[in-house]
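Novice: First, the structure itself, so that you have it in front of you.
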Amino acid sequence: MERAEAYGFSGAMSGSFLLSCLLFAAVSRRQRGPYMDEVFHVPQAQAYCQGRFLQWDPMITTLPGLYLLSVGVVKPAAWLLGWTGSVVCSVGMLRFINLLFSAGNFYLLYLLLFKIHQKNKAVSGFQRILSALTLAMFPTLYFFTFLYYTDPGSAFFTLFSYLMCLYGNHKTSALLGFCGFMFRQTNIVWTVFCAGNVVAEKLNEAWKIELQKKRDEKISSRKGSFSDLTRVLQFLVEYLLSPKNLVTLTALTWPYIILVSLFFVFVFVNGGIVVGDRSSHEACLHFPQLFYFLSFAVFFSFPHLLTPAKIRKFLLSLRKHPVQYSLITAISLFLIWKFTYVHKYLLADNRHYTFYVWRKVFQRHELVKYLLVPFYIFAGWSFADTLKSKSIFWILMYFVCLLAVTVPQKLLEFRYFILPFLIYRVNIPFLSLYRQLLELAFYILVNAVTFYLFLNRTFQWENSDEVQRFMW
């Protein structure tokens, strides 16, 4: 990092942290007590603070990583600063943990952008800082910086694990992946993703050698036609069936293999992935979740995905491959018809944005969910098109992980899309400065509206005296 870039990054990080502190104070003044899922998380953390480590709220579905780390931070801080009484492990103190995670996420996003795009000399230090600042303010994640939720910590350990993987520190990466797993069990998918990065790199090297042997066959590892994909899949099967290759890959990825094995042991002993209340978190094959994620990605990355050039390129592709797109359309319609699920929380809780998205869009008419298929196909094509700079093996690996982390979820919840979106976003090429500024301005606008609604547009339910607030 050059000196000017270091100063710029320090200024951006300090400024954003100061702004976050001011916003944190505003949220803490308006909402002093636990809100939403905090009514489970806060008492559990306070029980740990008091040394009651065997106490567990059966309504909590995640492992105790957040509470253990909170005690590990707050208790030493209280001892050093002489805090006593209700200040220690208060709601505000516990929420502040996520403010620290938010600052850490800013730094990690910058380091990831630097590492992934270091060969692109056209990218300036200012663009890297601007992009890191934008992603640090990603609305769905940034909002939960100010509440005691698992999301900021989950993102921190997963991004840190990915960074260590890219630098080849796989034992450290697996250890950080374990920390991420302790925050949210589905983060094990991103441990598989890190292992997949190693495998994809080796596969790409072998594929290039294979192409050199067949120079007369004009095959590219980055083309998107179905014939090329068939050849790639055939090569993939042949490569992975070789005992020698399997031994090599195992030697490279053994820390991740150990962690994934421990995960399966946990699932066997626990009787499932979810701890605590499982009645509201049943796994199912909810394939439209992929379509919802793609729509989510287009909304938050419209400067990248929704451009006139992209639309023209998509229409050209549509004209060239009508049979393929007809088949994709038929499959999409079938998946929506047979595998659409509506969780009871989605219909009942009018505090979440998803409630209004579902009511205002999907519940307008039975046919709406089918009429959106052309948009889903465009979103999927545009999403994949922005990843064309990556190898075909990386893309396949990412989409497998994306399916694994979204499809089993019955509940439409935007928080589940945070990590797949961030990992996608740090891997796509940089835009022009104008489009980067547009993206940042859009995030600031969405955050401003969200916090205004949360702080000022409160309401009450008929059967409750508690103040209700709009949120992600």
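The backbone N, Cα and C atoms fix where each Cβ goes, glycine too.
Please treat TrEMBL annotations as automatic predictions, because they have not gone through curation.
Not my notes, these are from TrEMBL:
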type     : residues : note
TRANSMEM : 6-27     : transmembrane segment
TRANSMEM : 60-81    : transmembrane segment
TRANSMEM : 93-114   : transmembrane segment
TRANSMEM : 126-149  : transmembrane segment
TRANSMEM : 254-275  : transmembrane segment
TRANSMEM : 287-305  : transmembrane segment
TRANSMEM : 325-346  : transmembrane segment
TRANSMEM : 367-384  : transmembrane segment
TRANSMEM : 390-407  : transmembrane segment
TRANSMEM : 440-459  : transmembrane segment
Novice: I'm a bit unsure how to read this: which one of 126-149, 254-275, 325-346, 390-407 has the highest number of Cβ pairs shorter than 8 Å with the transmembrane segment (60-81)?
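Specialist: Looking only at 126-149, 254-275, 325-346, 390-407, the most contacts with the transmembrane segment (60-81) come from 254-275.
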Novice: Among 126-149, 254-275, 367-384, 390-407, which stretch has the most Cβ pairs under 8 Å to the transmembrane segment (287-305)?
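Specialist: Answer, by Cβ pair count: 367-384.
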Novice: Relative to the transmembrane segment (126-149), which of 254-275, 325-346, 367-384, 440-459 accounts for the most Cβ pairs at distances under 8 Å?
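Specialist: It is 440-459 that shares the most Cβ pairs under 8 Å with the transmembrane segment (126-149).
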